[in-house]
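Take a look at what Swiss-Prot says about it:
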type	residues	note
ACT_SITE	Cys456	active site, S-palmitoyl cysteine intermediate
DOMAIN	426-476	domain 'DHHC'
MOD_RES	Met1	N-acetylmethionine
REPEAT	43-78	repeat 'ANK 1'
REPEAT	81-110	repeat 'ANK 2'
REPEAT	115-144	repeat 'ANK 3'
REPEAT	148-177	repeat 'ANK 4'
REPEAT	181-211	repeat 'ANK 5'
REPEAT	216-245	repeat 'ANK 6'
REPEAT	249-277	repeat 'ANK 7'
TOPO_DOM	1-291	topological domain 'Cytoplasmic'
TOPO_DOM	313-320	topological domain 'Lumenal'
TOPO_DOM	342-347	topological domain 'Cytoplasmic'
TOPO_DOM	393-470	topological domain 'Cytoplasmic'
TOPO_DOM	492-518	topological domain 'Lumenal'
TOPO_DOM	540-622	topological domain 'Cytoplasmic'
TRANSMEM	292-312	transmembrane segment
TRANSMEM	321-341	transmembrane segment
TRANSMEM	348-368	transmembrane segment
TRANSMEM	372-392	transmembrane segment
TRANSMEM	471-491	transmembrane segment
TRANSMEM	519-539	transmembrane segment
Amino acid sequence: MEGPGLGSQCRNHSHGSHVPGFGRHGICVHENKELAKAKEILPLIEDSSNCDIVKATQYGIFERCKELVEAGYDVRQPDRENVSLLHWAAINNRLELVKFYISKGAVIDQLGGDLNSTPLHWAIRQGHLPMVILLLQHGADPTLIDGEGFSSIHLAVLFQHMPIIAYLISKGQSVNMTDVNGQTPLMLSAYKVIGPEPTGFLLKFNPSLSVVDKTHQNTPLHWAVAAGNVSAVDKLLEAGSSLDIRNAKGETPLDMALQSKNQLISHMLRTEAKMRANKQFRLWRWLHKCELFLLLILSMITLWAVGYILDFNSDSWLLKGCLLVALFFLTSLFPRFLVGYKNLVYLPTVFLLSSIFWIFMTWFILFFPDTAGSPLYFAFIFSIMAFLYFFYKTWATDPGFTKASEEERKVNIVTLAETGSLDFRTFCTSCLIRKPLRSLHCHVCNSCVARFDQHCFWTGRCIGFGNHHHYIFFLLSLSMVCDWIIYGSFVYWSNHCATTFKEDGLWTYLNQIVACSPWVLYIFMLAAFHFSWSTFLLINQLFQIAFLGLTSHERISLLKQSRHMKQTLSLRKTPYNLGFTQNLADFFQCGCFGLVKPCIIDWTSQYTMVFHPAKEKVLRSV
């Protein structure tokens, strides 16, 4: 039963609605009238015993409403505005009153108001998901249309209530349902709502991209172009919308863009058309499949060319500088024209692999004669083999991507909604799944990752529950490889350069090693660069794992939160920090002669705390 709190309980009591960011597009004249009514604020009631039943319903004064109904008031009787009590209770999210009125014979789908809407329509306009759930559970029909011709899902889209959209579709509402004009929710979103959402959200439910409306024969892409909705156009093109379908006027989306003189959208459509046309050629398809390999070859050639120019037999550094600039210009053209945008994120990865390749070749060709048969030689070989193995394991191992079938997603959405948990803390609007504890959605991989640490651009993969331990050994082996090549460089200089640091001082020694072999100095600098960042990350990772029990994402999130808190937030006092030895045992999943036993947890399906349930709320906010 809802209490009669009178002040702030019903600030938004009328049957209007808010329009959250429609750009320049409105809905209708009636909508503005409803919106004006919604902004009215009822005066505070000091004595609720004398108020009428409409006002008592708006304020949620259950006892007063019950008293009047039991005295003979007909709950189906509309007021002067043709609005029923169920409408007023629905728009103000008075759950107990709705249950009471239904038990007293209220018509669940009674039409009323200026827009001839049902109580379900009113609840959706205001974004009251609990009320929507309650009305549907009592038999409300989501397919009914209001005076503007919109059904429930159309209204949820227009007012950008994503949880309600997800719930309606999961309960069986068709994502391709049309309004009186034959427009689907995707068409309305593309035309009425300027921005990427809810268009991107609807596309996750696999709506039809080729369906056309009754009047104009426009596809969703036509409507997005007509509205100048750049974000929606981008989403629809990414989803594979057709560029060739013509509307009733015989216009393609590109024709409409040219007619409206929207240069940005015209450029987007032309670029997409060119890319799709290129995919028809066998050579282009082959190049697309081999993009990463070609990028790796280009990177290896570029690194070799830089070293070759530096080692070129010329005393003119101006000439070498000009050659390096020309090389940089030429190599920048290949990724721009032949490598897709998605594969450009692998540039650091191919740079690392190319560096390791030339580090190995330098060791084998230049350093091998000075180290053959020594422990240094075998240590380097072991390090390079370990690096290749753990790089592959980090790359190939599933980091903990959370997966669910379409049916499982719908069941999860309904379950979360009906338990009051359908919010961004527990539900991923991109994957449409319930988020496990400590997970995060990676926008590069476009998937939720269990016990997410980071998306490492050096490996080109997410680091999570499945491959985090491989990542630690990857950093360790890379650090060892670079350490040995740095040591080998000093051995090479001591054997092949005519001077030493002790005899001639630093400046003369530096000049000599540059003149002795610019290539070795170049490889030394590459190794020093990779050694610096890999060692730093390794130390940072081991500190977080052993002393904090946190991932990189959790640590950064807690540090950000602490800036806005009055009291200092200790990173050590979290439910995941179980002490140095236990943290290491849990991370590497290994014990120590029975003294320490790891706690085996599958973070891909862990939704509640297992260590200290009282602290679950703290960690969910990380």
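Any Cβ shown, glycine's included, is placed from N, Cα and C.
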How do the residues of the topological domain 'Cytoplasmic' (342-347) split into helix, strand and coil according to DSSP?
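Summed by class, the stretch gives 6 helix, 0 strand, 0 coil.
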Helix, strand or coil by DSSP: which one applies to Cys456 (active site, S-palmitoyl cysteine intermediate)?
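DSSP assigns Cys456 (active site, S-palmitoyl cysteine intermediate) to strand.
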Would you kindly list the residues that approach the topological domain 'Lumenal' (313-320) from elsewhere in its chain, counting only those six or more residues past its ends and only Cβ-Cβ distances under 8 Å?
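For the topological domain 'Lumenal' (313-320), the far contacts come to none.
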Please work out the helix, strand and coil residue numbers for the repeat 'ANK 7' (249-277) from the DSSP assignment.
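Counts, helix then strand then coil: 22 helix, 0 strand, 7 coil.
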Would you mind listing the long-range same-chain contacts of the transmembrane segment (471-491), meaning Cβ under 8 Å and 6+ residues beyond its ends?
356, 359, 362-363, 367, 370-371, 376, 379-380, 383-384, 386-387, 389-391, 393-394, 453, 456, 459, 463, 520-521, 523-524, 527-528, 530-531, 534-535, 537-538, 541-542, 545
Need one number: mean pLDDT over the topological domain 'Cytoplasmic' (393-470).
92
Determine which residues of the chain contact the repeat 'ANK 5' (181-211) at the Cβ level, with the cut-off under 8 Å and only residues 6 or more beyond its ends counted.
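Result: 21-25, 27, 149, 153-154, 156-158, 160, 162, 165-166, 169, 175, 218-221, 223-224, 226-229, 231-232, 234-236, 239-242, 245, 429-430, 432.
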So which residues does the repeat 'ANK 7' (249-277) touch in its own chain, when a touch means Cβ under 8 Å and the partner is 6 or more beyond its ends?
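For the repeat 'ANK 7' (249-277), the list is 216, 219, 221-222, 224-226, 228, 230, 233-234, 237, 241, 243.
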Provide the number of Cβ atoms within 10 Å of the Cβ of the residue listed as 'active site, S-palmitoyl cysteine intermediate', excluding the reference atom itself.
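So the number of other Cβ atoms within 10 Å of the residue listed as 'active site, S-palmitoyl cysteine intermediate' is 21.
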How about long-range neighbours of the transmembrane segment (519-539): same chain, 6 or more residues beyond its ends, C-beta under 8 Å?
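Same-chain residues near the transmembrane segment (519-539) but 6 or more away: 303, 306-308, 310-311, 352, 355, 358-359, 362, 366, 458, 472, 475-476, 478-479, 481-483, 485-486, 489, 492-493, 513.
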With DSSP as the reference, give the number of residues of the repeat 'ANK 2' (81-110) in helix, strand and coil.
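Going by DSSP assignments, the repeat 'ANK 2' (81-110) contains 16 helix, 0 strand, 14 coil.
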Quick one: DSSP breakdown of the topological domain 'Cytoplasmic' (540-622) into helix, strand and coil?
38 helix, 0 strand, 45 coil
